[in-house]
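Here is the structure we will look at, set down as structure tokens.
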Amino acid sequence: MVEPVGNHYVIARPVYSENAFNEEHGKLHRYHKTFWDHLKLYFSCSPQRVKKIALRLFPVFSWLPAYRFREWILSDIVSGINTGLVAVLQGLAFALLVNVPPSYGLYAAFFPVLVYFIFGTSRHISVGPFPVLSLMVGEVVTRLVPDDSTGNGNSTNTSAINDERVMVAASVTFLSGIVQLLLGILQFGFIVIYLSQSLISGFTTAAAIHVLVSQLKFMLQLPVPGFNKPFGIIYTLESIFSQITKTNVADLVTSLVVLLIVFVVKEMNDRYKEKLPTPIPIELLVTVLAALISYFVNFEEKFQVAIVGKLEEGFQVPVAPDVGILQNCIGDGISIAIVGFAVAFSVAKVYSIKHDYPIDGNQELIAFGLGNIVGGSFKGFASSTALSRSGVQESTGGKTQIAGIISSVIVLVVILAIGFILAPLQKSVLASLALGNLKGMLMQFKEVAILWRKDKYDCVIWVVTFIAAVLLGLDIGLATAVAFQLLTVVIRSQIPSCTVLANVGRSNIYRNRKDYTDIYEPEGVKIFRCSSPIFFANIEFFREKLITAVGFNPLRVLRKRNKALRKIRKMLKKGELQVTPKGLICMAKPTYESDEELDNDKIEELDQPTVMTDLPIRINWDTDLPPGITVPQVKLHSIILDFSSVSFLDFSAMTVLRKTLKEFARLDIDLYIVGAHEGLLDKLERSAFFDEEIKPSMFFLTIHDAVLHILLKKDIANSPKLKLAEEKGRSSDYAIIPRNGLRSRECTIPTETKF
């Protein structure tokens, strides 16, 4: 019963072990579903289940009938127009990262949006090209279709190379879509949990560096080949600086001016976003202005600049992926699929929390997978969601994916009708627009200092991910980063936090004894906590920390005792020792034997429990032993292991833990495990963990229960009255009174048992 007393509480209950608690309160047997039960449920069929599955596969039918037309349509139209204009320009710019003609960027900005409208669960993200994915696809393109090494830059040869590159980009996109679709069908949406926020941040920042370096050749108009290999970024910079004197000044100046204008206006949009009705479409204004200048001024003759080339009007005929290409980029397809989903899901999660609606990771995989399959079939490249574009769609009032449909209509108009206006646009302008969208990712460098203060492991993950992705490439870098991140998890779980606890404030509260001054430690009792799962990788660490905490190695002490017993038996047999009421007295000069001689005789017996039944006296190891016999003294009589933070215990750990507990038990030390999660006791029983030395009665509900049990047991042993009451079965009825000022809010202990 709990009775409030001011801001205190008083608890009156018996001291409970796990077994006593379950016996008194009658623990129910619950049926746990088996794998076959889940399988039957998964394949069961009913009208309600069919409807639920249909709505889950086609989320559009769950929110579209409830669409608030009058309230939302205007906001979605305005948002869709703004997002569509940005999508057009980003599609053109990010196509340069893929090393394909810019017109194919429009396909990547169109088809995935239509698919996501039907299958996606987020209402606010803008689906389409993303610079990191575009660069990853571009690395595959340059690896499989390198630049023309013969220097024959005629239009026929360039067109053939472009066609091959488009096919590679489409094939790897199709493959990544297949991977995402399969992961979604197999319910692998949880895979994103293995990509931490620190890893994603470091990876996208490294990708931004790759984008920056890859666009330098367009800004400087230098013939720089692609280096898709480890340390390729260094080779690229070396090639750029070796040709720096050949820079096209007109393109460089144009790029810097465009970049400066875009950067300044974007800063204004961010600073005054609450006052502006809609962000200034600076990319659109710059693009239109640059296209008009390029159209009316013959830049090719005056400044010798390269232009985008003719944007093809209309749609390309859908094609099947090239099987040969698919075989050469399986790893790339998997990494592109995972990175694309991780980024999109992270952004979608932010908006779902902000606007309070659920998203389904598995359905998102299906939506992006189908989007990439369709986009790849129409010669587009991989899509995800760009942070800046999604920010535009949400900040301009977008309520649903109707805004996405409106944005795709804008892209469609450009593809079918007005693409020719953008034909004279300089590649240096598109390169500047691509770099202008990297500000958010490059600003992530600030996170390093923040992470160092908050969590040094996360900071190290960020730095290692960034360095690996920059130097080794995005694909190898991502694999390295994931492996390193999992290694840090292993290290952290392999070296758990282990502490010795003490009673704080004479209450039922136990904390690290190093953190408080007002502590109480029961004499001869050690309370040890491990704040981690215990498994094969850290069980030896757990054992070592426990030995350090108690101050002695139980196996060493046990062996010393057994060696001492061997010596005592031989001395008694030779008449060198005599039993008296005062103990053992040495009657003659003993003959000493080395430890090696004792060890070589049945050494396996040294690890067994000490047996004194054949001796005329029971030896007290704390009293003086005969000359020449020394055994480490053990001041402990009880050890409490706090398992409240131990989420699981594997079989390997059980074996070592059982062995360790036996070693302590053979020294006549009582062992108690407290706070174990439900099911651990059953698991240990199924694993044959218990025997004559290790019993289920060692489990208690809380640390305080175990401490009170120990104190009561000690008092019963020292008090004839309590011992008699205990024999009559009435020990649990004693009122509990604090010892040394234990406050009444804690718990009850028998009258003679005090702190």
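The chain as shown is numbered from 1 upward.
From the backbone N, Cα and C atoms, a Cβ is placed for every residue, glycine too.
All annotation found in TrEMBL is predicted automatically rather than curated by experts.
Note that the structure is a prediction, hence the values are computed from the model and not measured.
The feature transmembrane segment is assigned by TrEMBL to 77-98, 104-120, 166-192, 199-220, 240-264, 276-297, 334-353, 365-382, 402-423, 460-487. For 515-710, the entry in TrEMBL reads domain 'STAS'.
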Leading contact stretch, 77-98, 104-120, 166-192, 199-220, 460-487 vs the transmembrane segment (334-353) - CB distance under 8 Å: 166-192
Leading contact stretch, 77-98, 166-192, 240-264, 365-382, 460-487 vs the transmembrane segment (199-220) - CB distance under 8 Å: 460-487
Annotated stretches the transmembrane segment (166-192) and the transmembrane segment (365-382) touching (3 or more Cβ pairs under 8 Å): yes
PLDDT averaged over the residues of the domain 'STAS' (515-710): 84
Chain residues in Cβ proximity to the transmembrane segment (460-487) (below 8 Å; excluding those fewer than six residues from its ends, i.e. six or more beyond): 132, 135-136, 139, 194-196, 198-199, 201-203, 205-207, 209-210, 228-234, 331-332, 335, 338-339, 447-448, 451
